[in-house]
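Lifted from TrEMBL, the feature list:
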- 64-254: domain 'KARI N-terminal Rossmann' (DOMAIN)
- 255-402: domain 'KARI C-terminal knotted' (DOMAIN)
- ASP263, GLU299, GLU303: Mg(2+) 2 binding site (BINDING)
- ASP263, GLU267: Mg(2+) 1 binding site (BINDING)
- SER325: substrate binding site (BINDING)
Amino acid sequence: MLAPSRSAARVVARAVQAAPRRALSQVAARAAAPAAARPMAVASTAAASRVASRGVKTISFAGTKETVYERADFPKEKLAEIFKNDTLAVIGYGTQGMAQSLNARDNGLKVIVGVREGGHSWKKAVQDGWVPGETLFPIEEACAKGTVIMNLLSDAGQKLAWDAMRPHITQGKTLYFSHGFGVVFHDQTGIQPPKDVDVILAAPKGSGATVRSLFLEGRGINSSVAIYQDVSGQARERAFALGVAIGSGYLYETTFKQEVYSDLTGERGVLMGALQGMFLAQYEVLRAHGHSPSEAFNETVEEATQSLYPLVGANGMDWMYSNCSQTAQRGALDWAPKFHQATKPVFEQLYEAVANGSETRRTLDVNSRPDVRERLTRELKEIADSEMWQAGVEVRKLRPENQ
Ligand SMILES: NC(=O)c1ccc[n+]([C@@H]2O[C@H](COP(=O)([O-])OP(=O)(O)OC[C@H]3O[C@@H](n4cnc5c(N)ncnc54)[C@H](OP(=O)(O)O)[C@@H]3O)[C@@H](O)[C@H]2O)c1
């Protein structure tokens, strides 16, 4: 077993019980860092030298200087001034459409929502207080009324709806996305923005549910911001302002292409695809060698997500290594290069598949089929019903907070 020092683990366990999950990393950082480790955390933060003017900061990320903007740069009055002549038309009411429309509205901007009439999203928008004919419209009508068209349909939906939306994206308007997908892979999606509109992006780095909950707590999610076309000369300022309006805290500048390449790689890789693949591989090996389901799950998933990953998030991998037993340290230091060597070719393959467009082609193909929801439900049920995650259901019931 690889464990942080017992006292640190106990403090974290108490913190897990007491704290909302979202705040765990900060709580874990404060609660679990032994005195000796704290200076290291501070030192690594200090390594990012800051030159601040208002909220804008130039930060050296391990030697590479980047400009980071923050909410303080765009207080509500400034947002009101920048968008005083605008109607934001949020097209789509999935998790992002919901969060971004409600946040922008609560930030005092004029917002309308556009979705398919009578569908799942329409009903959800009505439940959230959007009023048909006043603030809720069919997609084309909302595009006609909006001056900032915020395309938050699913990425496959953006392709399917583009021909209907396109005539309403007229000179002087702003076209906004939360993903570079549609525009960067325009040869597959057909999304070629007209030449006489600003085209901008603000992509929250997290689920819409978090975009909304952080906003309601008075905080903001990290987002990427990019400009694809600046016709007005104001696109840059409006992109950052809109990023703040929809609930971002810190905003990092990128390009449409970098955003979509990194995002598709990340979610297929370490964030989800690789995570499930690695969990399963270790679990299966333990099971094949006679370990019980609970032992295999605890040693693979539970300890990772409940103890170690929050600590890695709070303090970094070096801190994690230095706060476990020497036995664990030695093994992790020896085996990390082997896993690195084994998985790097897969990541290279993944990046290549993203860059050559085969990932987006597959996404558009599968997600444009009429049975997309049923198919996804079926595939996810297979994961849910697998022995590993069924063992997880029982293990989770035994967590301290569930007793
Ligand atoms: N989810 C995230 O965490 C996340 C994070 C950052 C960025 N993004 C990006 O934000 C955008 C929106 O993502 P999301 O997850 O919020 O949305 P989503 O769940 O992928 O899409 C939902 C919306 O798309 C509509 N839709 C789907 N197909 C359609 C079609 N053929 N015609 C008209 N409407 C259609 C749905 O309407 P109905 O209910 O009527 O079907 C619903 O309103 C995407 O570009 C995504 O990549 C997402």
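Cβ from N, Cα, C; glycine included.
Known features from TrEMBL, placed on the structure.
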residue : record                 : CB count, 10 Å
ASP263  : Mg(2+) 2 binding site  : 20
GLU267  : Mg(2+) 1 binding site  : 12
GLU299  : Mg(2+) 2 binding site  : 16
GLU303  : Mg(2+) 2 binding site  : 16
SER325  : substrate binding site : 13
The residue listed as 'substrate binding site' and GLU299 (Mg(2+) 2 binding site), Cα-Cα, nearest whole angstrom: 16
For the residue listed as 'substrate binding site': DSSP state (helix, strand, coil): coil
Rounded inter-Cα distance in Å - GLU303 (Mg(2+) 2 binding site), SER325 (substrate binding site): 15
